[in-house]
Every structure is written in structure tokens, then in C-alpha cells.
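Trainee: Can you keep this structure in mind? I'll have questions shortly.
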Amino acid sequence: MIAYHSRNNLPLSADQICIKNGVEKSEWQLFHEQVEKTRKLGEGAFGEVWEGTLSLGVFRGRIPVAIKTLHSSAISTDERIKFLREANLMLKLNHPTETDRVKYCSDIASGLAYLEMMCVIHRDVAARNCLLGEEETVKLSDFGLSLLGIEYREKHMKNVPIRWLAPETLKGGRYSTKTDVWSFGVTMWEIFSDGAHPYGDIEDNREIRHGVLEQRLKLNDPIGMPAEILEVMHGCLLFQAELRPPFHELAKTLEIQKDARLRKNRLSAILHGILHI
């Protein structure tokens, strides 16, 4: 609307006041009609917290949000400033989006596909060993346990990351590219679970070992993980090693999923720009 009045030199009122240089709405600024409160979660001396939804437009739909409000009266200037400072801090925090997470998984799978091609077993695939570099690119690190070969059997299973190990490793100390695939599945779970600890509600590693080997303990599906990515993760966590997909297939599948989301995001941005001209 601002661009329309400014471009056409149309007055805003009967006083013939025109916009010369309009100030565009910042990306973080919302219209009141975009936000809908559904249920009050809590209340304090200075305001309320509500569960609600935020409309992101025709093409992106609505997402669940928490809404913090100030009471309209009896609030000092200092309290209002404190509230705005908190909001300003939140603006600086950029939580990974679905597209970001899919890209992280794609980057890791690509690196592991290279190791697979070079006949290298990483043996310690986990989120803690993935580094986020320039342009949000994820790189594998910590090759201290890596071995050259197709398969390796470890006789002394001490101080090993139980929660990331495949059943055949837990049972007989056997490592292969397929055991790396299992660990990658757990890493995918970590990425979509905000870095949560696998089987975090169980402290005893022996209980985890027995549960995985008896096929009665499985990772819960992360909230918000897209169905296509969930299918990939489930394939990585198949009990029988020979049924797990190779990394070159995983890398290709995840790259397709990543590219599809990037195209969708670019299209949404273009349409968003068109609709707001």
C-alpha cells in the first residue's frame, strides 16, 4: 500500500498529504490479523502468554506459536522497555528451519558417501562430530576411530557411544559402512530433535543395549520431521544391516529433498514479493 501511494503520488487524506519516502515494514513486523490467540497458557504481574497461530500467507499456511502480551495498563515505562529488549534479543536468535535441517542431513550424507566410495568406515558418526562452517555447510570431523576397509571387528567394546551403535556392533563389535548408516539415522534424529540425547529418558547404557538388540527400543519420531525425511531415517535404522540403504543412495535422496525445499522457498519468496507490491 505504501509503495502504491508513493509510486502514484496519491494523497493519503483530504489534506492532500503524499508519501515521499515510505518506510517499509521490517520482515519481523506482523499485522495483527496474522496472529490468532487460541488458549491462555499463563499470566503474570505484567502480561500473559498465549498459545496461538501465525499466518505466513496463502502458500505457507499457519504455524503454532507462543504469544507474549503486556497488560494495557499499570505498566511502567521501565517494564515496557524491558519487554522490548527481550523481543529485540529474540529477533537475533535464528532457529534452524525445516529446510536447514534437511540441508544438514544432506551435507552429512554427501560426506559419508565419499567415505563409502573410499572404503573408509567412520565409526563415530554423531551430531557432536559434525561442524557447521561457512554458508551453513556441515562437515564431518573426528576421524580418530576411522578405519580403511570394508568391515572391522572390535574385540574390546569399552568406552563406546552405545546410543549411536548399530545392533551388529552392540552384539559382536562388527563395524561396516552399514553401521555408519545406522549411526547416521541416529544423527538425523538428533538434528530434528534440537540436539536431544538419544534415548534420553534411559540412563543405563546396558538397558539401551538390550532394548536395541531385542528390537523393543526404538527412537521416537521427531516432532515436525517431514514424512519423506522420516522414511529415510527409518531406512537407516532397519535392524538387518543388509536392508539399510548405501550412502550414495541416501545422499542422492536427501539432495533431491533439499533442492525441492529450496525451490519451494524461492517460489514462496517471489510470490510473497508479487503479492506485496
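Note: Cβ is positioned from N, Cα and C throughout, glycine not excepted.
Note: TrEMBL annotation is automatic and uncurated.
Below are the features listed in TrEMBL for this protein:
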- 1-262: domain 'Protein kinase' (DOMAIN)
- K68, R128: ATP binding site (BINDING)
- D124: active site, proton acceptor (ACT_SITE)
- N129, D142: Mg(2+) binding site (BINDING)
Trainee: So for R128 (ATP binding site), how many other CB atoms are inside 10 Å of its CB?
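Mentor: Its Cβ shell of radius 10 Å holds 14 other Cβ atoms.
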Trainee: Give me the non-local Cβ neighbours of D124 (active site, proton acceptor): same chain, 6+ apart in sequence, Cβ-Cβ under 8 Å, ordered along the sequence.
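Mentor: The answer is D142, G144, L145, S146, P161, W164, S183.
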Trainee: Other than its own, how many Cβ atoms are within 10 Å of the Cβ belonging to D142 (Mg(2+) binding site)?
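Mentor: Total other Cβ atoms inside 10 Å, all chains included: 15.
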Trainee: If you count Cβ atoms within 10 Å of the Cβ of N129 (Mg(2+) binding site), leaving out that atom itself, what do you get?
Mentor: 20
Trainee: In the predicted model, what is the mean pLDDT computed over the domain 'Protein kinase' (1-262)?
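Mentor: It averages 86.
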Trainee: Under DSSP, is K68 (ATP binding site) helix, strand or coil?
Mentor: strand
Trainee: Sequence gap of 6 or more, Cβ distance under 8 Å: name the residues on the same chain that satisfy this around K68 (ATP binding site), in order along the sequence.
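Mentor: Correct list: G47, E48, V49, W50.
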